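Trainee: The domain 'Galactokinase N-terminal' annotation in TrEMBL covers 12-57. According to TrEMBL, the site 'Transition state stabilizer' annotation covers ARG29. The feature substrate binding site is assigned by TrEMBL to GLU35, HIS36, THR37, ASP38, TYR228. Taken from TrEMBL, the feature ATP binding site covers SER69, GLY126, ALA127, GLY128, LEU129, SER130, SER131, SER132. Per TrEMBL, the feature domain 'GHMP kinase N-terminal' maps to 96-183. Annotated Mg(2+) binding site per TrEMBL: SER132, GLU164, in sequence order. Sequence annotations record features per position, and here TrEMBL assigns active site, proton acceptor to ASP176. Annotation source TrEMBL lists domain 'GHMP kinase C-terminal' at 285-359.
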Amino acid sequence: MTDIRDDVRFDFEQLFGYAPQGVWSAPGRVNLIGEHTDYNEGFVLPFAINRRTVLALGTRDDAVLRIASSFADEVAEIPLSSLAPDALAGWSAYPFGVAWALGEFGADLAAVPGVDIYIDSVVPVGAGLSSSAAIESAVAVALNDVWQLGFDRPTLAKVGQLAENKAVGAPTGIMDQSASLLGRADAAVFLDCRSLESELIDLGFAAAGLELLIIDTGVSHDHATGGYAERRASCEKGAAVLGVSSLRDVSVDDLPRAREMLDDETFRRVRHIVTENQRVLDTVRALRDEGPAAIGDLLDASHASMRDDFEISVPELDLAVETAQANGAIGARMTGGGFGGSAIALVPSGGVSRIQVAIDGAFAEHGFGQPVTFVVAASDGAGREN
Ligand code: GAF
């Protein structure tokens, strides 16, 4: 089997006609718990996964950016001086958007050389595993290195988020880029999305005889349109009516009063965020004090809250979760922004194939498309490969 790092070097040289200066990579992420809490200044607990986006980069002697990839036919090209959110479209808006956003954070784009970049990826697209954040983070660390910008990782996460918000047009939070940049093997990133302080929490899955199974339903989603932005707007409305700057400032004890002040739908959106923040804190405590076998009920409760209160699940995700729970998973939930994508199940090591078979059977019985199931491990965040 060839190594993707050798492949991108080879493909870069074939396409651009010279050897790249180096190879960088960044992982996708899975969120263990803490959904839609990031843009409410709450808590999240994602981890970087062992599926990476890899790029080769070479500097040019002019001020032009050229980007090619294994997943698009054309070579996209733009002068550094023309970078602006409105000038970007299609998949190249992700990498070009990062270059633009570095400028917004203070990089002098008039003083840096142009670059050629070739990108390849084994992060599944549309699966809710942040293939987009993986591209943004790989490009951010690579440009930060070759342009010698000296930004720290929390700042690079904000750069990636700005690219996604303004160049791609998806009103997403800071979680995905943070996981891709701050992740470590066998650990989750416990991030306070208000202070942006983070801490690595040991997962200990292997020592506990557990595996984290991803069930990609194949139902694709898009956070630049529709439901994601609507949920964000509901949260902002709830915070405004309750007189707080963000739902981070609402506690579980405040919920009875919130019920009296809010319409039913907004109340349920708020209740999801408030209880989900508490579940993240409880999950961190359980991981520290008792180990991962103790977090199953929290995962299950998170799914129920997303299905019933936040209403971002779909029948395929509910079926994946219920089937995993009924076939030996100690906990399961949909993960990511919702409206499609993947579910996760925390499963005893010997029980993975039983759950896979049960899920395949259940999906076939319901006439749903065949899901893709695979185990992921917590891995290191973005960095230079060679
Ligand atoms: C998507 C977004 F990009 C994240 O910022 C986060 O809001 C997540 O959905 C839901 O938790 O992945």
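Backbone N, Cα and C define each Cβ position, glycine as well.
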Trainee: Of all the Cα pairs drawn from GLU35, HIS36, THR37, ASP38, TYR228, the residues the record ties to substrate, which distance is largest, in Å?
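Mentor: Pairwise Cα check on GLU35, HIS36, THR37, ASP38, TYR228 gives a maximum of 13 Å.
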Trainee: Rank the binding-site residues SER130, SER132 by the number of other Cβ atoms within 10 Å of each Cβ and report the first-ranked residue.
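Mentor: Counting Cβ neighbours within 10 Å, the top one is SER130.
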Trainee: Mind tallying the domain 'GHMP kinase C-terminal' (285-359) by DSSP state, helix then strand then coil?
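Mentor: For the domain 'GHMP kinase C-terminal' (285-359), the helix, strand and coil counts are 47 helix, 11 strand, 17 coil.
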Trainee: Considering every residue in the domain 'GHMP kinase C-terminal' (285-359), what is the mean pLDDT value?
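Mentor: Reported value for the domain 'GHMP kinase C-terminal' (285-359) is a mean pLDDT of 98.
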Trainee: What's the CA-CA gap between SER131 (ATP binding site) and ASP176 (active site, proton acceptor) in angstrom, rounded?
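Mentor: Answer for this pair: 9 Å between alpha carbons.
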Trainee: Just the binding-site residues from GLU35, ASP38, GLU164, TYR228 whose C-beta lies under 6 Å from any atom of ligand 1, please, or none if there are none.
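Mentor: So the answer is GLU35, ASP38.
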Trainee: Once GLU35, HIS36, THR37, ASP38, TYR228 are set aside, which residues in the chain still have Cβ within 8 Å of the Cβ centroid of the substrate site?
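Mentor: Apart from the listed residues, the neighbours are GLY34, TYR39, ASN40, VAL44, GLY173, MET175, ARG231, ILE273, GLU276, GLY337.
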Trainee: Which one, from the binding-site residues GLY126, GLY128, has the smallest tally of other C-beta atoms lying within 10 Å of its C-beta?
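Mentor: The binding-site residues GLY126, GLY128 were compared, and GLY126 has the fewest Cβ atoms within 10 Å.
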Trainee: Work out the three-state DSSP category of SER69 (ATP binding site).
Mentor: strand
Trainee: For the binding-site residues THR37, SER131, which one has its C-beta crowded by the most other C-beta atoms within 10 angstroms?
Mentor: THR37
